[in-house]
Structures are given as structure tokens and as C-alpha cells.
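In TrEMBL this protein carries:
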type	residues	note
DOMAIN	C:7-80	domain 'Glycine transporter'
DOMAIN	C:91-165	domain 'Glycine transporter'
TRANSMEM	C:6-24	transmembrane segment
TRANSMEM	C:31-51	transmembrane segment
TRANSMEM	C:63-80	transmembrane segment
TRANSMEM	C:87-104	transmembrane segment
TRANSMEM	C:116-137	transmembrane segment
TRANSMEM	C:149-166	transmembrane segment
TRANSMEM	C:172-191	transmembrane segment
Amino acid sequence: MLLIHLFIYLGIIAAGVSGALVGIKKELDLFGVVCLCIATSLGGGIVRDILIGNLPPAAFVDAKYFFVSLTSGLFTWIFYQKIKRMNHLVISDAIGLGVFTAVGSNTAMSLFSDNYFLILSMGLITGIGGGVLRDIFSKEIPYVFKKEVYAIASIVGALSFILIHGTVSNTFAMYVCLLVTFLIRIIAVIYKINFPIYREKTDLPSNL
Amino acid sequence: MLLIHLFIYLGIIAAGVSGALVGIKKELDLFGVVCLCIATSLGGGIVRDILIGNLPPAAFVDAKYFFVSLTSGLFTWIFYQKIKRMNHLVISDAIGLGVFTAVGSNTAMSLFSDNYFLILSMGLITGIGGGVLRDIFSKEIPYVFKKEVYAIASIVGALSFILIHGTVSNTFAMYVCLLVTFLIRIIAVIYKINFPIYREKTDLPSNL
Amino acid sequence: MLLIHLFIYLGIIAAGVSGALVGIKKELDLFGVVCLCIATSLGGGIVRDILIGNLPPAAFVDAKYFFVSLTSGLFTWIFYQKIKRMNHLVISDAIGLGVFTAVGSNTAMSLFSDNYFLILSMGLITGIGGGVLRDIFSKEIPYVFKKEVYAIASIVGALSFILIHGTVSNTFAMYVCLLVTFLIRIIAVIYKINFPIYREKTDLPSNL
């Protein structure tokens, strides 16, 4: 088994935990928590497979990803009090973003190798799609639209995959994509780098 | 015409009425009420067909399901005062859940007969997908994620379909699936069986 | 270049501006504003292409529509104070509704020429789909379900396309569809024509 598979499972688990945490906070029942967990883990890949016509999506053809995600959801339910306090979730989440971006870019590259725009889009959608689904199911504006350098890390990662692809092996290109995405995301977290939000200038005097 | 077709129409009508009732309560206009009605009736099957690559979805190829749903929506609009007080809606709703699960499992079985995980997933998604779409369109967290033994009835029903399939005729297996789903759902309603919701233990003294 | 292409770009820009305006009002960050802009511009066509199995969707195959939409989003961000006060946006929005309906009907006709129900549905979904996605992403009940003669304009436009198709050239039929949709929408805006909303009769005396 390649190292990349370990990272894929880690990404699925990190995403599943984030989905389950939101589900518990929103007072969903156990079924709802598990659904949110699975949607967050596998949703990005499912949306990508729908868009590129790879049907049924990989997540339905091979159940092993489903069971990994399901297990992470049940663990989050059982050990909620401990898991919700874990600060290093941000690290596995960043690995997840990186590995999903790498897998998405690679899948699109294997089918449509000459369309860089499509490859970039599929890297991004695989990277952030699960989180967007999680937020829509839990009646929130997608977090990725509101805060933090999250999507940009995925975009730059997918770009790096496209740039070095062809000169190195596929697997190596995926590792580079993972690393670039991970580093940008972690740097953004450490230095609290956010994207601008439009602030309306008010003409009212602030005082008197 | 087989009896199963009668149940299918009953399921479409029950789902359509539930969608239209939500639409009227949310103060949508007549077009919105009809859209919500149709999304609830046909949404589960449309999502299933997208996922298994059966495109365009059956609901767009043959308009008769659309017109049955549309009619149920207009009836709900006209007779809203009477329909909103009908308690036995829960029975036709349970029939709908059962028949959608049976149709979804059977459709997936006809295309991918050896992938039980896919068949189970498609039974469930056909069963609950319409209600999930209805709730997202009306800005609610999907009801099926929050309350009651609803999805589990569909899952067990699809399992029963997979188990007896091959030993009996297709149609008979669908009736069994319908009956199992229906009974579990009705029993859960009668005995008010709910799935657990995570309750945080507070360490604060409740008094003083 | 045919005139219809100019209208298509105008429609993409009008939809993109409407998406970006909502994004800024909802206090999304720049990435979120751009995402909402692109979802509104291209979402209707993407959903249509998923439903008719035209995968990957046209918007991912040819990046030029993406870049037109992206540019409209960035312009809206930069010139927000001016653009938000523009009343004639309603005119370009109506052109957008008309041209998306025409393109959607024509695309479905080219693949499934004998299924009028499908053609009508795809015209409508291409016309209103982007706005529905915009509203779901920004946690609102889709505007088109709540107010104004918007969808009906698209439905009648698609009907006119189906009726005259075959007797005139494809392109001419698209212009007729655009014009019919545009006129109905504009007349509805001018005369403030709304679809009925169900009002519950209260038995309470309104006074004393």
C-alpha cells in the first residue's frame, strides 16, 4: 500500500470528524450525525465524479471509504467530550484538504489530461466540496465562503500538481500538491491570514 | 397495471402533499409551492438517477409522474384547510417511503446487481432524497437528520429486498421491501421511537 | 460571432453581478463573493448538463464563460457602491433569464428533439437554476419560489421555442424565446404582477 492511501484515510477521518462535530452541535440525532460525517468525508469526491461523468461515484462503488468515514463518525459520537477539545484537528484537516485536492486533480488528469481548467476545478471541488455540503445540510452559509485562506490553498496546490505533472511520476506530483496545499493552509492558520471582506464606509460621524 | 404502480402513484402523491404543505406554511407563492411539491415527489429518484448515470432521469423522460405530483400540489393548495388537519397523512407517507425504497433498490439492482452497498444506498437515497431536497429548499435542516426512525426503516427495507432477491420474483421482493419499510416506520410513529440525540452533561449544579 | 453570443455574455454578466451583490451583502469574503458570482452565472447550465448527461458540463470544458463571470464578480467588488444603486440591472437580468432559457431549450432540443417536456424543463432549469443555487449557498429560500413572475416568463419562453421550432431556423427560434421571456418578465416588473401566496383566513375579528 502506498503512503498516499494512508493520507487518503487520514483525510476521510479528519473530514468525517469535522462533519460529526457540527452534527452533534446542531443537535442532530445519531443518524443525522453519521450522514453529516459521511457527506463531509465523501461529498467532494461524489460531486467531482458527478461532474466528470464517473458514475456511479467511486464512493458508492467501493464501500471501504464509507466504512472508514462511518467509523470516524461513531468514534466522534462516543468520545465527543475529548475530541471537541482537540486543537490539532486543524492539522489533520489541512492534510485532508491537501490529499483531497491531490486525488481530485489526479482523477481529472487521468480522464481529461489536456484541460487544465477542468483539472484545477476538480481539485478544488474535491478539496472543499465535502465541507460545503456539510454546511448546506446544517443550514449554514458555507464556511469556506466566509473565512480564512482555505480554498486558495487548494487552488495553489492543484496548480502545483498541473505544473510539475509530466516531469515527475503521478504519485510524486500528488505528494507535492498535498504538501503545497497543507503548508499554505497551516501558514494561514498560524498567521491568521484572512481574505478581505467588503466593508461599507459609513458617512455617519463615529462620535457626537 | 401492476399493484406496485398504484403504490408508486400513492407515494408520489403523499410526498407531493408533504412538500406543498411545507411550501404553503413557508409562504411561498403558487409556483414555489408547486416546485417544492415536485422536488419532494421526484427529487429522490432524480438524485438516484444522477448517481447511477441513468440520464436524463426517469422523471424527465416520462412526464406522467410530474403531472401526478403537480396535481397533488394544486389539490393541496385548493383544499389546504382540510388537508393540513389530516392525521392519516402519516400512513400514505410511510407507504411512500416504502415504495420509493423498493423502486430505488430495484432500479440499482437491475443495473449493478452485484454491488449490495450501492443497492442499499440507492434504496435509501430514493426513499429520503425528496424530503431532504424539500427541507434544503425551504431553509431547514433535513427533518430526517433530526428526528424519528425514518431512514432506518428505509435501510432495513432495502436490506430485506437484497436478502430475498433471487429466491423470489422481483415484484414480490419489492412488495416485501415496501411492507418491511412501512411497518418499521408505522411502529416507530405509534411508539414514538426516536434515535438518540447527544446531550452534553453539564457539570454545573442545577440549583444554588 | 452571432448576436446570440453577445446576449449570452450579457446574461452571464447580469447573473454574476446579482450573485456578487448578494455575496457582499452577506459579508462573504472575496473568494466567497466570486464563488457566488460564478454559481449564479453558470449554475443553471451546470445543473442542466448534469441532468442530460452532457458531462463534464460545458462550463468546465470551455473556461471562457468562467472568466467572463469572474471578471463581472471582481468588477462588482471594486465598484460596489455604484453598482448596487443601478436600477437598470433588472433589464440585463431579464435578458439573462431569456437567453439562459433559450440556450437551455436549444441544448435539450439538440439531444432529445422529441421530448417536449424535457426541453421545457431544461429551458426552465437553465433559466432559474443559477439563482436557486445562489440563494441556497447564501442560506435563503430561493427568491424565485417566493415572489414575482419570474419562472413563468421562462416557461412561456421555452414553450414559444418549442412551438415555432422546425418552422424557422434554430437561431431565430432562440431569439423569439429570448424576446418572449424578456417581455413577460419586464411587464411583470413594471405592473408589479405577483403570483398568489396562500393567505390563511383568520376567524378573529380584526377590531375589538
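Note: Cβ is positioned from N, Cα and C throughout, glycine not excepted.
Heads up, TrEMBL stuff is auto-annotated, nobody curated it.
Counting Cβ pairs closer than 8 Å to the transmembrane segment (C:116-137), the top stretch among C:87-104, C:149-166, C:172-191 is C:149-166. When the domain 'Glycine transporter' (C:7-80) is classified with DSSP, helix, strand and coil residues number 62 helix, 1 strand, 11 coil. Computed over the domain 'Glycine transporter' (C:7-80), the whole-number mean pLDDT of the model equals 95.
Across the domain 'Glycine transporter' (C:91-165), DSSP assigns 60 helix, 1 strand, 14 coil.
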